[in-house]
């Protein structure tokens, strides 16, 4: 193995799948081998059976749909506010001076700690779930977008101004397009975090969703269903990630190396 | 053809306690090609950036005819040593950047861009991204982008400094050809003596930091010039003279 030497596409794919195989094999070995009781950890087979019954008997598709809806909505609302604010902070030092201290403070507030308050304010319906995701995402996006925008290459800004661009021209035709690919990458990252917030929100005071299903399964001591729910979240995350990456490559062909 | 005169009067620049530029007085007539030659770190780029409006002088004034320079503007087009094409715009869109900023109609933008694409030998690369171009092509595109604005003067900050020797010579010839046709005022910063003598009608030697104009050497070689002029005795004599000036400054800046 040579340091930093690239590997072929086929090898990369094979290695990536390889670890999943190793992981499932280890899981199978300790469960079928009787090293842990099935009550603590269901076997891969039992998990699949539990998953099948979730889909056929318990309308799991409905849970998945409502959870995806919550993640996407909460995240989009957060992004719609955070991206412009972050860009403004990155582009204008006075805006940065005004907002940066507060945002830096606010982004350390754990979204889950707001759940009791949010239940008080917004009840246990959708608004509360979206609010948790919103609080968890919005400050992170603001800070990261601000850093990206502030790192705009100075020579490009100077080139634009010698070509006749004024303040708004520099913002809209240099800072924003130059930040766009990294902002898209940031959104992809934060979307992953949004999934952890939605599940936390659904563990407390929810009547639907993947998180609620996991809580229900715990009451019934059905570890198969619980594990299937967790694995499902991972799979949805993986698929979204691949899709968003492909979208970013299409949107920003100039940035692809 | 340019018709405005650049007036630089008593321009100095210090960064904190460090004096980068001693008072500089310079007048550049319309259509002149002036090379600013000096060792690295002598403040020649600082002077150019002040003329561009990207930097403010600590004292003194810069004016184009009677209009004082207070900031960057499209009438003073600039090409930088670093590659400054906008990576998210194609070659053609890069060249149209200034025209679009000026609110010119799209048909006119396209027509002007096509003309400069042809003049800088970029035909066939209109829709390429900058990262797909060689360094020489990127700088040709940057030159086309500055020229598309039809500026009063061109400010060139070691634009060919990052290119290999052969590409650099071709770029010098292209620039000379464009200048001979358009007669735009050019202020060209370089540390390359051959480049300065080959291109310029007047060479200013800048001293080691803090920079000042140490010598002013007219280059009487007639235009149009081509590469053969580089082997002429007149060229050699000018080069020898400038080399003596520059060597002394390089030594002084190495000791400083």
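Going from the start of the chain as shown, residues are counted 1 onward.
Even glycines carry a Cβ here, placed using N, Cα and C.
Automated prediction, rather than curation, is the source of TrEMBL annotations.
Features reported for this protein in TrEMBL:
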TRANSMEM  A:12-30  transmembrane segment
TRANSMEM  A:36-55  transmembrane segment
DOMAIN    A:64-244  domain 'ABC transmembrane type-1'
TRANSMEM  A:67-92  transmembrane segment
TRANSMEM  A:104-123  transmembrane segment
TRANSMEM  A:130-150  transmembrane segment
TRANSMEM  A:156-175  transmembrane segment
TRANSMEM  A:187-206  transmembrane segment
TRANSMEM  A:226-244  transmembrane segment
Long-range Cβ neighbours of the transmembrane segment (A:187-206) (under 8 Å; 6 or more residues past either end): 67, 70-71, 74-75, 78-79, 83, 111-112, 115, 119, 124, 128-129, 132-133, 136-137, 140-141, 144, 212, 214-215, 233, 236-237, 240-241, 244-245, 248
Candidates A:12-30, A:36-55, A:67-92, A:130-150, A:156-175; stretch with most C-beta pairs under 8 Å toward the transmembrane segment (A:226-244): A:36-55
Of A:36-55, A:130-150, A:156-175, whichever stretch has the most CB pairs under 8 A to the transmembrane segment (A:104-123): A:130-150
